[in-house]
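Structure, as structure tokens:
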Amino acid sequence: MDMNTFPASTYCESIVRFLDAIEYHDDNLTHEERVEGLRHVHSKTAQYFTEPLPRSILKGVAPRRIAAVTRTISHFIVYCWSKLPREAQVDVSIYLSIINVLDDEISSEPSTQMTSFWSDLIQGKQPKHPFWVLFNSHLPRLLRHYGSFCAFNIMRCTFDYFEGCWIEQHNFQGYPGADCYPSFLRRLNCLGGAVAGTIFPAAKFDEQKLFAQMSCVMAQIDGPVALMNDLFSFYKEYDQDEANLVSNWCTVDGITMDQALTRLTDDTIHACVRILDILKDKDPDMLATIRGFIHGYATWHICDFRYRLREIYDREDLQESGARFREYFDKAIDVGWVDVEEWTCQVQGFEVEGPAPSGSEVQAYQANAFGFSVDTQRHHNIDYVGSSILGLFEWATRYLRGKLPLGNA
């Protein structure tokens, strides 16, 4: 799709409709709590990648990419798993960082390395694929925080995610009329089960007492996790020729991108409002946890440069919805923005060549986490390491100026 035809006003209406529907108000953390959480989770996550096993397995991965992933995922965990005990946050952060660092490895044809996977698993042998080598080591460390039901869902979702990546590397969008295919693939790779499993630690939630409520959350959580991400990703993925939920809908159902955006917005609102409505008269801590995740998830998307929502904010062709969009954007930045020097630190054994990120450049630096560039002259999926450092600094400077009062610009 041509970015010149992007329906900016319609997209603003969609974001505003969604944030209105959930009554967006992220009161999860104070600024000081965000800073403390980011410092701890980021430093411990980075330290993991200095250990011998990940160093050996990931020796072909650029340190700059690993650094970008640890920053992005640390943000994600602290903002969305805000009520989780700190050490559990660290282990969830490592779990998701492994997934994202190895995303390219999964997306290359894994059939050969997976030939003996199940027999090796059953017989307790070392797996061959690097994804499973690292998880064979880390999963016991993660699962110690959870009861058996949550742990089972974390494991189930980990297998699902790998399968989803395996399918996605073929870039197959489904046949016309295969109306179940888009949602099937999205459920596999959205990590909803891992979110629901990791958000309820055994130290704070009694699985036996809350089993019915947890089961219901497991059934409902894929929608908020997947669809919120798809809604906030709609702009940055608009001109990319890749299979995703929206483009798959267009292929199998024969609808336009505008129609797909309307469906996506309606489905996202339904998924989030429904899960909160179901829990409103249930365990108050469970409701607070899910509400905190949804509102923190919105804040994280707006604060993360990879979603490029500042570009929408700065457009001059927005209609009435543009003002409301900017209000919500500013609200999220005010509560969620943390400058890099407030929380990053050097981790011994984890040195990255080149200039260290400083100030607001951190969010642009994070652009490598999922392989997207924030170079505004080239919107496509390109490697951060090969992109223009000057372009990133210029983009970050424009962003910072955009969020400051006009008198300071």
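Each position is counted from 1, following the chain as shown.
A Cβ is built for glycine as well, from the same backbone N, Cα and C atoms used for every other residue.
ASP103 (Mg(2+) 1 binding site): 17 other CB atoms within 10 A of its CB, across all protein chains. The Mg(2+) 1 binding site annotation in Swiss-Prot covers ASP103, GLU168 and is backed by similarity to another entry.
The Mg(2+) 2 binding site annotation in Swiss-Prot covers ASN229, SER233, GLU237. Long-range neighbours of SER233 (Mg(2+) 2 binding site) (same chain, six or more residues apart, CB within less than 8 Å of its CB): ASN244, TYR307. According to its DSSP assignment, SER233 (Mg(2+) 2 binding site) is helical.
Taken from Swiss-Prot, the feature Mg(2+) 3 binding site applies to ASP241, supported by similarity to another entry.
Per-residue pLDDT, averaged along the motif 'D(D/E)XX(D/E) motif' (103-108), amounts to 59 for this model. The motif 'D(D/E)XX(D/E) motif' annotation in Swiss-Prot covers 103-108.
Annotated motif 'NSE motif' per Swiss-Prot: 227-237, in sequence order. Here the motif 'NSE motif' (227-237) has Cβ contacts under 8 Å with residues 6, 11, 14-15, 18, 186, 190, 244-246, 261, 264-265, 267-268, 271-272, 294, 297-298, 301-302, 306-309, 311-312, 372, 379 of the same chain, all six or more residues outside its ends.
Residue counts for the motif 'WxxxxxRY motif' (316-323) under DSSP (helix as H, G, I; strand as E, B; rest coil) come to 4 helix, 0 strand, 4 coil. The motif 'WxxxxxRY motif' annotation in Swiss-Prot covers 316-323.
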Long-range neighbours of the motif 'WxxxxxRY motif' (316-323), counting only residues six or more past its ends (CB under 8 A):
8-9, 12-13, 16
Write down the Cα-Cα distance for GLU168 (Mg(2+) 1 binding site) and GLU237 (Mg(2+) 2 binding site), rounded and given in Å.
15
With every protein chain in view, what's the tally of Cβ atoms within 10 Å of the Cβ of GLU237 (Mg(2+) 2 binding site), excluding that atom itself?
19
Taking the mean position of the Cβ atoms of ASN229, SER233, GLU237 as the Mg(2+) 2 site, which residues outside that list, in the same chain, have a Cβ no more than 8 Å away, listed in sequence order?
ASP230, LEU231, PHE232, PHE234, LYS236, ASN244, TYR307
Cβ neighbours within the same chain of ASN229 (Mg(2+) 2 binding site) - under 8 Å, at least six residues apart:
CYS190, TYR297, HIS301
